[in-house]
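Undergrad: Sharing a structure with you now.
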Amino acid sequence: MSTASQTGAATPQRRLRQNRSKRVLPGFGLSLGISLLFISLILLLPLTGLVMEVSAMSFNEFWFVVTDPRVVASYKVTVLAALAASAFNGAFGLLLAWVLVRYEFPGKRLIDAMVDLPFALPTAVAGITLATLFAANGWYGQWLSKVGIEIAFTPVGIVVAMAFTSLPFVVRTVQPVLEELAPEDEEAAVSLGASDGHVFRRVIFPALWPALLTGVALSFTRSLGEFGAVIFIAGNMPYVSEVTSLMIFIRLQEFDYAAASAIASVVLLVSLVMLFAITLWQARHLKRIEGR
Amino acid sequence: MTITVNGINKRFGKYQALNNVSLDIPEGKLTALLGPSGSGKTTLLRIIAGLESADSGRINFAGQDVTGLHVRDRNIGFVFQHYALFRHMSVAQNIAFGLESLPRKQRPSRAEIHKRVTELLEMIQLPHLAKRYPAQLSGGQKQRVALARAIATRPQILLLDEPFGALDAKVRKDLRRWLRNLHDEFHFTSIFVTHDQEEALELSDQVVVMSQGNVEQVNEPTELYARPDSRFVFDFLGQVNVLPGEVQRGRLSQGKAWVTVPGSRHQGSAQLYLRPHEVRLANEPGQYAHLPLRIESVSLIGSEVRIELSPVGWQSNSPDNIWEVGISHAEFNQQRPARGDLRYAVPEVGHLFNDNDSQPTTINWAEAASAPLVRLIN
């Protein structure tokens, strides 16, 4: 028994060492360790704190807080506005990415750089700017109010703010995929007699679709949590134009940390479920296309 | 459907890709566009297809001017080097694409499309892979699917851009034979682009040799090999042994090497081009030539024994200063040449390029020996 285990122990160890030396770049252990540490510090620990705060409540208390009519109204406003904003971004972001990849024109680099502006700009600045522009006496607002359209301080204003802050997600996910599309695919389709519309629907769009969906989903989840840009333009009327993140803020100002965490956990859960669903769907899709 | 190419010019920036190219592609024949990279062969194919537009010149299909016609209206089948299959569609969907793209009035019914796809799948011998996706196929299978897709709408013209370029040698050979059979069965007018001279000579009915945007020579494969019009075609088609030197009083010489050049009235520098099969090896110099060479290597693989030799006391300007001679295995067994042995090359047929002529003078020493008069073959 002892001899058997000795000879048996020697081989797996050697095999392990061989495996290790096969890696081209060293430091897998170290780099993974550091990554995990920082993910824990930055993401998991605060999330755990949130869950701890919530778990101090009983289920009835929790349910009471998260189903408060004013809060429920805010869910509705937030989700609908986020849907509208991400749908708009899906269409406009695709167009913008298309123009940036397919055409050469003066100022292309400048526009390409400006796409990232919503990320670079503090959201509060964006909110104030948008509110000033769309207010009844603002540059856009004065013309829109003449035709009877009010944007600032209505739910439509929320959509505008959300769309503004999350546009880069769609452009930046679609752009690289569009750049990598082989021109031969389109040429093959055209040589087979397909019309331009047919080529777009059957060849280009299916290739872009996963990236577009990811971009829209990211845009949607970002919009769900948008606070800074939204509160300045929303008007924040209870039951009409209050977003969920504002409800969290109000609970915090009332020093009701548990209630704030409870509402936050709902937002978090929805975002997580969505992102996971998208990731899973995409993995399945890629598996088929790449034949893995 | 004959294809006529008339005075095509194409520039990419400062680079002249095609220089006043005119060509006739006969109906029902398989034509190869052969040339090194940068010779303009792919550009020409793409202009014929309509994927690229020429700066000037015209393209006719069966006498009809199609220069201004969009690709989708030219009714051609085009096959790409890297297949260009639609990754998100199954094999069957890929093949059906052209039929489904037809305008509603001409589009066959769903059942007819299905029938045609099944038929094509059987033709490419892949009916069991109908539901697979391109990523799950091998290179050879992908290219067959691409071919089936290209001919699904029954085009009369089939254009192939380096169709076997991305495949390994064995698959390439199978697919080549298969394409030839396909062509003979359906009688397309086909043009394929290749930089592989063996592929061009083996597969095609007519070869168009191109270089730097110009057509160098157009001929049947056998004629092309036997009678190259220019140094370029000579160099490009197969191995060639070169003796550069000075011609004086009917003799081309350089260093210790010399060859008589009966019939050439030229004086001054010239190059003699010899194919490996146009040279014999002997232990003694012949009557017409003194070409000492030392054996560098002997390769027994193949139907012929390939012997590489380096000049002794003279220089060749063939690549690496090496001459190549092929002898039969029977000859090899008799003579047993070995590395380091000294041999004398005895040319039988050669092609002499004078410095100011672009076309060679063919010299036949065997015939010159039997007849007092020298026969000149162009």
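A Cβ is built for glycine as well, from the same backbone N, Cα and C atoms used for every other residue.
Just so you know, TrEMBL annotations are computer predictions that nobody has curated.
Heads up, here are the entries from TrEMBL:
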- A:24-44: transmembrane segment (TRANSMEM)
- A:50-67: transmembrane segment (TRANSMEM)
- A:75-278: domain 'ABC transmembrane type-1' (DOMAIN)
- A:79-99: transmembrane segment (TRANSMEM)
- A:119-140: transmembrane segment (TRANSMEM)
- A:152-171: transmembrane segment (TRANSMEM)
- A:203-220: transmembrane segment (TRANSMEM)
- A:227-250: transmembrane segment (TRANSMEM)
- A:262-283: transmembrane segment (TRANSMEM)
Undergrad: Thinking of Cβ pairs under 8 Å, which stretch from A:24-44, A:79-99, A:119-140 has the most of them with the transmembrane segment (A:152-171)?
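TA: The stretch with the most contacts is A:79-99.
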Undergrad: Hey, which of A:24-44, A:119-140, A:203-220, A:262-283 has the most Cβ-Cβ pairs under 8 Å against the transmembrane segment (A:79-99)?
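TA: Ranked by Cβ pairs under 8 Å, first place goes to A:203-220.
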Undergrad: Near the transmembrane segment (A:203-220), which same-chain residues lie under 8 Å Cβ to Cβ, leaving out any that are not at least 6 residues past its ends?
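TA: 82-83, 85-87, 89-90, 93-94, 166-167, 169-174, 176-178, 181, 185-186, 189, 194, 274-275, 278, 281-282, 285-286.
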Undergrad: So what's near the transmembrane segment (A:119-140) in sequence-distant terms, Cβ-Cβ under 8 Å and 6+ beyond its ends?
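TA: Apart from its flanks, the transmembrane segment (A:119-140) reaches 150-153, 157, 160-161, 164-165, 168, 226-233.
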Undergrad: Cβ under 8 Å to the transmembrane segment (A:262-283), counting only same-chain residues 6 or more beyond its ends: which ones?
TA: 47, 50-51, 54, 57, 62, 65-66, 71, 75, 210, 213-214, 217, 220-221, 224-225, 244-245, 247-248, 251
